[in-house]
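J.: The structure's right below; bear with me while I get my questions together.
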Amino acid sequence: MIIQSTHVWIDDCLQPAQLEIADGLIQAVLPYGEKQPDHDYQELWILPGFIDIHTHGWNRCEAGKPTLEAMRRWQKHMPEEGVTAFLATTATQSQRQNEQALLVLREAIEAPGEGAEILGINMEGNFISHQFHGAQDLYTIVKPDPEVLLHYQDLAGGHIMTVTCAVEFDEDYAFVKTAAAHHIRVSCGHSGASFDQVKDAVAAGATGITHCGNGMRPFHHRNPGIFGAALNLDELYAEVIGDGIHVHFETAHLIGTMKGADKLILVTDSAECKDDPAAAQYSREGAFRLPDGTLFGSALYVNQGVDNLHRKARLPLVTAIHAATINPARYLGVDDRKGSLEAGKDADLVVCDENIQLQAVFCKGVRQA
């Protein structure tokens, strides 16, 4: 199959090109009009498929309490947001619940279904701060324990790709070091860590910040803390929930400007309530809240988030697109096959207009939406 457009995202800009696709891969990137196209998308944009590394669920599908059937429904839905790959994300819960969830998620990953690819697992719990737990279960939080993490990774078949940690409770940064040694990315979050504690965690192997601005000690000019570390430490990737509710768009502008085009990652942090009519009682002003007002997930679609970062957070187009494509791919170490439109990579494509409204989505060369 050959598709073409006058606006294909190649080398960090939109330019005329053709993509030759076969066997689930981009076989070649060709000059515009070189061969007879099967699909000519004219002036529509062709972008790399979006990657959401922090999503807990959708419409009664919950990564923390999954069934195989629910995971398959979720995978089929994700292309409707432009998502071609994602991490199933668990939150703080009992060890038994984690163990059960990891076994099901492992099965879902190792026997791939239709739709978006489940790249792996993101464990946002249980190694977080009681003070900054947000909407997560206060009573099942545990101190960062390397042996527990390795136990979980064994059950998950090696599919845990990133884990959140309140690094101020990680004695001698043993948890961070163990995770890094086993190729698990450590994301600092749900934390009241000081700037220096985060800096030391980075030296030990931490590489990310979980939903920057949320679930952390606020920035203070005399105590920059984890938020200041997120902005100032170039080694760190920073997630941002791009709905304008979890962080104000001007805050997203600040985060995106400081992290630049290479270290910002757009996430939804969506919950199983998303698109579930029965959960309308929890929805207020475009996000989900507990009765006390605590946020517990967005209703954001990733394609809308990309547009929000560009138009509402006033970030350059390259920053907004990278935040949903090559940056999460690089963070996870899958940029050899995901995140950009290059020969040899998976044919994960988004066809959209200039407002990132979707016209077609391909997962490994198969149209899904």
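Using N, Cα and C of the backbone, Cβ positions are placed for all residues, glycine too.
The domain 'Amidohydrolase-related' annotation in TrEMBL covers 45-365. Marked as Zn(2+) binding site by TrEMBL: Glu124, His190, His211. Residues or ranges marked as substrate binding site by TrEMBL: Ala135, Asn214, Gly215, Arg222, His246, Leu295, Phe296, Gly297. What TrEMBL lists as active site, proton donor/acceptor is Asp269.
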J.: Quick one, of the binding-site residues His190, His246, which Cβ has the fewest other Cβ within 10 Å?
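T.: Relative to the other binding-site residues in His190, His246, His246 has the fewest Cβ atoms within 10 Å.
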J.: Measuring C-alpha to C-alpha, could you say which of the recorded positions Glu124, His190, His211, Asp269 are within 10 Å of Gly297 (substrate binding site)?
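T.: So far as Cα distances go, the recorded positions lying within 10 Å of Gly297 (substrate binding site) are Asp269.
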J.: What mean pLDDT does the predicted model reach across the domain 'Amidohydrolase-related' (45-365)?
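T.: A mean pLDDT of 98 is what the predicted model shows over the domain 'Amidohydrolase-related' (45-365).
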J.: Suppose the Zn(2+) site is Glu124, His190, His211. Which further residues of the same chain have a Cβ inside 8 angstroms of that site's Cβ centroid?
T.: His54, Ile128, Gly134, Gln136, Thr164, Ser187, Gly189, Thr210, Asn214, Gly215, Asp269
J.: Please find which two of Ala135, Asn214, Gly215, Arg222, His246, Leu295, Phe296, Gly297 have the most distant C-alpha atoms, given that the record lists them as binding substrate, and give only that distance in angstrom, rounded to a whole number.
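T.: So the maximum pairwise Cα distance among the substrate binders is 30 Å.
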J.: Just checking the recorded positions Glu124, His190, His211, Asp269: which sit within 10 A of Phe296 (substrate binding site), CA to CA?
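T.: Matched recorded positions: Asp269, sequence order.
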J.: Measuring Cα to Cα, how far is Gly215 (substrate binding site) from the residue listed as 'active site, proton donor/acceptor' in Å?
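T.: Per the Cα atoms, Gly215 (substrate binding site) and the residue listed as 'active site, proton donor/acceptor' stand 12 Å apart.
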J.: In Å, rounded, how far does the Cα of His246 (substrate binding site) sit from the Cα of Glu124 (Zn(2+) binding site)?
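T.: A Cα-Cα distance of 17 Å.
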J.: Using a 10 angstroms cut-off on Cβ to Cβ distances, just flag whichever of His211, Arg222 is the loneliest among these binding-site residues.
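T.: Taking His211, Arg222 as the binding-site residues, the minimal 10 Å Cβ count falls on Arg222.
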J.: Rounded to a whole number, how many Å is the Cα of Glu124 (Zn(2+) binding site) away from the Cα of Leu295 (substrate binding site)?
T.: 15
J.: With every protein chain in view, how many other Cβ atoms are within 10 Å of the Cβ of Leu295 (substrate binding site)?
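T.: 21, counting other Cβ atoms within 10 Å of Leu295 (substrate binding site).
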J.: 10 Å Cβ neighbour count around Glu124 (Zn(2+) binding site)?
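T.: Cβ-Cβ neighbours of Glu124 (Zn(2+) binding site) within 10 Å number 27.
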